[in-house]
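Q: For reference, TrEMBL lists these features for the protein:
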COMPBIAS  185-197  compositional bias 'Basic and acidic residues'
COMPBIAS  198-207  compositional bias 'Polar residues'
COMPBIAS  1266-1284  compositional bias 'Polar residues'
COMPBIAS  1285-1296  compositional bias 'Basic residues'
DOMAIN    15-56  domain 'JmjN'
DOMAIN    80-170  domain 'ARID'
DOMAIN    335-385  domain 'PHD-type'
DOMAIN    479-645  domain 'JmjC'
DOMAIN    1120-1168  domain 'PHD-type'
REGION    185-207  region 'Disordered'
REGION    1266-1296  region 'Disordered'
């Protein structure tokens, strides 16, 4: 079957979830035994404790500091790891030949080289596939669509990347015509080797090629090859300009740069070298020094002599001395010979191996190389050695830093929120699950997480409270100290056989702690000795589990071995290392039953014997786990020891030792446990007897009794199968400290069997009585059980019971009498305890529950049980009432009604009646005040503040959660704040701003209380609105697109309005004006507009000049656009006196004909009615009486100030005689033009403006015969001179 596609993970079915009652929860092992027939069919199950079972978290958080494991997700999955290992091998193969592996893309996805290689091998190899043309078939198997010629691409990629590697593996050579070069497409993705064995091996090799190679790349250490005689120097030395000897082997002579110090240093180096030669008794005459004509030094030394001192020189000499040796040795490069052809010619084509320093011509290699490789290169001999190294065991590496719980949580939450781009608590568990299985199955994404696993609780403290710890347990939580579900107690309960294992085993008898983050996982595994395990999630995000039932364990193992055989070949016990997972869908598709569950905080997950399980964490959480073994596990435990022996896996504890410890205390053991131990001890003794007989027949005659408990653990293990020897073992004097079990007596050494010694714990004569005692106790129980059962079934037939002989009944009667006496004692204790609790006015519900739990073990009719159950219900109700009353902030009306309804159904009791009376009284008062508070807030008109505050004072004494009263309190708080702000608004004669005033009045609408200043503030706002309406009527044109504020403020949009659109109608100009106008809404906008108003006149003057220049004759007349329609001038045109823009008569409208001497303004410049100044001044006076500051008022005040300043400037111009000079001017001066423009910009009609305009008009141009703004003139008027201010009508042909 095929595996599900990526991102299509199908969740397995859910495992059973059990919710025990308090009675069932009292005995953990009894409850687990009860659910076992159901739960063991799925391997795992989830148990939700009763809701009130919430143990405190007792771990010492301040001391908890741990180093987590590093988990790279795609290395965990078995099939993905096989692919990564394969790609690492390919990458190493090419890297050692100086090439970098880049994985090609086919059909826009990365090519699966492992699957391609596997399919080609299955089809018979490359030659067979090519010969029979099966590449299309392979492409279809790989999931590519047929008919797209994908097969040819696959062949090319295989031949380029995989074929050389496969030939190398088989020992063949490539055909000479094929050159093994790894050319890559630019779109190919460069592959980064994971280096799994080197980075994550459980037992890392002392040296590894990649680590050595990385070191060589960091610094080329100076050394002399003993076989070739050349030197590699460290970077930075004087000969760093020397050609790379590994690449090309040409001769070289060092020529240092001339300088004062260099000659001295070189001479010193020569002196040191000669001294070294003398120290090694080397003849100085055997070396020579020559000087070139330019004074540079050339050193020639005997290479054989140099090599003998070089190692000493590298360790103790300076870099200068080493440099001398380097120069000397560089002269000997021509001594290298190609190992293929034996020639030293073509030195520039010689290639030196980075591993063994052997030399090869690049054209002598098979296959030959075109060029010298860029990276490190290995010869065929080193390549075979590197790639042939055996794989090492895979395991997790530890993180480089330690974490506290808070630091790890911050890191975990940050990782999850960043990965999913949402808060951690909002990420769905289904999304995390699908993403996890996608990540572990891809080789394209490397996601790394950390997992704090197997943290010893003995060191930092358990999450559960324990006695004599730093954590102080409150009196109400003391029962958790002795609870059977406390994981510190569960392994050592009387019903757990692990109690009889003397050693404290971390993880089995002592809990382990687990701190998880998102995607951190625990891989497929079964518990040690195939025991039970239980996991409790203290807090945090859920933990997702997957489990397989115990009967499917061998099937799961075989499936994983079949799908990833490469991993199990190098690591047969891989599944015992907890480092490998496999997609549950893959296992299910291969017939393995898998079940899942999400374990939330406060829930238990139990795994059953030999049930494989795995999973991952949804986010930051804290869990605790431990093992336990019940009596039904014992046969499975012995079977596990036999299985471990076959796998040569060590045992955590000795199964035989546990059985012997139980047998030694047989008289005090539970009879059911004794019955199970009887079968175990029979198997153990019979097996030991057979093995000892076998040893005797072999000829082993020496023996001695040994106390194995005194030996170190490693000396108790069989050196062959690693099984713990407890009953017996074989040693030999030739191998001290070594021992084998009786199964492997022949594997210890080659000595004669008579030299071997049998070491035993018990003699057979000691084992037989031990077995007899267990058998007697077990048979006595069985006989007693059958006799009692017979009595119960035949209690009316006394004759049948008496027919048994006294000898047969003696033992059962004794047992029966002892049991009956014990039962009577327990019943009396129960009755005394019951009387004490029933007489108590308010007994503890916990004590009542414990007493009822005790009654479950008494097979006697107890009259106190009904009363105890009644008092238990009453006590629980009283406790609920007390808890609710202690938290008045959460005691709402519904809670009180629910408690009263529950109390009505209880049996009568004085304590219950008193509590009911108090609760009923509180409910009545609370309901009355809720209604009154609601009526106070809904009353119309609103109540004053004194009434509301008086009501609040009475409500504060009611110990309950009353929403309406809280809302009333909020109303009073808001009202006080509003009154304070209203008072501060006009404090000290301040003039309030309209925006603040409006916001305050708006807020008052949501406060259901009488606010005295509100009417006054509303009247102010009403006066302001009346004033704005009056001002609008005064200034605004009919259907004006401008607001009053925009009209009163100086014009800030000069030159932008008529460039926005092309329109034929004057009505559409309003839309243009709206788009171009600057929004003025607040005082800040007004202040900005006022600050910009200083430049409005100058900007408009520039606009006038620009518009006039357009009207001058030019060559490019066709490109001229005017008017609101942005078309060329044509027909009769009108010119604005302010902006000097011309308009088609049909595009603008005028209300009446403009007389000569009257200025005409375009729709952009005519912004308001321009009322006379005597109508504007009363508006300002009335606003000052209102005493409210608003933007329109500031703008109006500034407008009047501008008007007064302009009038003053006009008077000054008249006084200074500036106007008298106009008749002498050809053009209007800039001062008068600016004065006239500013007058037109004022939104107030002034007589000075009209007089000034007419005066200038009469002085600069004569009165025309027609004064109509649009007439039927046929003559063509010339454009006016710059500076003329009269209305012009122009008729155009082509251009003005």
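Placement of Cβ uses the backbone N, Cα and C atoms for every residue, glycine included.
Because TrEMBL annotations are produced automatically, they should be read as predictions rather than curated entries.
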Q: When you scan the chain for residues with a C-beta under 8 Å from the domain 'JmjN' (15-56), skipping those not six or more beyond its ends, what do you find?
A: 464-465, 471, 473-474, 477, 480, 483-486, 490, 493, 495-496, 532, 545-550, 552, 593, 595-597, 599, 602-609, 611-613, 628, 630, 632, 849-850, 852-853, 856
Q: By DSSP, how many residues in the domain 'ARID' (80-170) are helix, how many strand, and how many coil?
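A: Result for the domain 'ARID' (80-170), in helix, strand, coil order: 61 helix, 7 strand, 23 coil.
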Q: Average the pLDDT scores across the domain 'JmjC' (479-645) and report the rounded value.
A: 88
Q: For a three-state summary based on DSSP, what are the helix, strand and coil counts in the domain 'PHD-type' (335-385)?
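A: Computed counts for the domain 'PHD-type' (335-385) are 10 helix, 7 strand, 34 coil.
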Q: Going by DSSP assignments with H, G and I as helix and E and B as strand, what are the residue counts for the domain 'PHD-type' (1120-1168)?
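A: Once the DSSP states are binned, the domain 'PHD-type' (1120-1168) shows 0 helix, 10 strand, 39 coil.
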Q: Taking helix as H, G and I and strand as E and B in DSSP, count the residues of the domain 'JmjN' (15-56) in helix, strand and coil.
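A: Tallying H, G and I as helix, E and B as strand, the rest coil: 16 helix, 6 strand, 20 coil.
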